[in-house]
């Protein structure tokens, strides 16, 4: 462990889904210019990673350059800290138990009874300190998933309690994000849930240094004093985290409330946050939110419409473009399971995102056909590219039975599999972490929309797929007006397609939304919106 390593631990209380990831990323941003900050997310589920979890249940799966499939909070970490995270930074209980069982089989515990304490907590600690060492970290931001009191995160809570004992109280600070409700009809803020949450944390041996109150309005002085008294913190250490028009306001709000000063005092360090550029971009977002200079309406035609977080990074990509083009983008998620052309008539542009399986498949094809025939700016992502190829094959090339091998029925081969399984996938049976995953180079063809947007002929983008365009059909597609504008580095796999005669009809096999930054929006989203103006 590095000497003078500083650690910030963020826990959540009352309810989940109130923004621990954004809160953690916002605090980390205040320290990123003065310290080498490494964010760590601890998840209590027994999955090795979220790669096989339904997005409707857990939110989108975020893919890293190293091929790791991690929690969506890593999207916030990367975007707020402008770094490329590593899959090892996402510690799941599934990974920990797997390592414990492997160690036991190898005899590393020398015949001792393997127990939750000390063996599991020691493994978590070892993993955390290994990350700090390998990254030469000066500060760790450790976010513990779920809420205090959940059975799933008890061992993570116990681990950070032990870490405090080992590193000393001057090198670690505990931040508790809680929810202060204002029940409808009562019109009064209630502190009792926060009190109970903090008491649960106290029983585990942790006493927060900072309480961040998630609420719809600024806390009243009365509630602030009440929380301070019952939770044993200074009233100045209770921070407002109210509803905002954009999450990029939150680091600025924390800065204005002196979060960095409170934590710096606790850790005996100096920090000088730089928020000028972020403040400028947030100012543009807010001004257009209230008095828009121009409004662009975008349809996101997705199959996981039950949960907005299923497409969180696409939403963020559009926010980044809006800030840089000084306009307002209104995005609407349309369920592709129940989509017809009338749903699309009021939109300036259409996005068809990724997904798996046949559900919602034909609805997406309807959206693609509508965009192509009506010259509406279109961006297809991953499955969106594959379905764009199928739509073109059916409705332009006349291959009416064109389809993907993903829809293959056993013992009934497709006559025209214009999308087929990647060769390296044919012998793979396991589902978890077996796709083409992570950052790969893409070679762009000159004089194409993609080349003009990127300004270079070689780019790195992130992938998550098993299927590809069948090269046997590419000549036919190009004769009919659909070109391949980007290939894999060996020129064997189509990665980008375009229809040059359309204003903007582009689809990519990769996920451009995974590398967007507010200071540097993803190029394909930028091109889409510019085409809509």
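Cβ atoms here come from the backbone N, Cα and C positions, even for glycine.
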Given Swiss-Prot lists 16, 190, 191, 192, 193, 194, 195 for UTP, the same-site residue among 225, 226, 256:
226
Given Swiss-Prot annotates 17, 18, 19, 20, 21, 22 as ATP-binding, which of 66, 71, 73, 122 belongs to that site as well?
73
Pick from 355, 438, 439: which one does Swiss-Prot list with 383, 384, 385, 386, 406, 466 for the same L-glutamine site?
355
Can you tell me the CA-to-CA distance separating residue 73 (ATP binding site) and residue 226 (CTP binding site), as a whole number of Å?
31
Quick one, of the binding-site residues 18, 151, which Cβ has the fewest other Cβ within 10 Å?
151
Record-listed CTP binders 16, 150, 151, 152, 190, 191, 192, 193, 194, 195, 226 have a maximum CA to CA distance, in Å, of 30
According to DSSP, folded down to helix, strand and coil, what is residue 16 (CTP binding site)?
coil
Look up residue 143 (Mg(2+) binding site) in the DSSP assignment and reduce it to helix, strand or coil.
strand
By CA-CA distance, flag whichever of 22, 511, 513 among the recorded positions is nearest to residue 16 (CTP binding site).
22
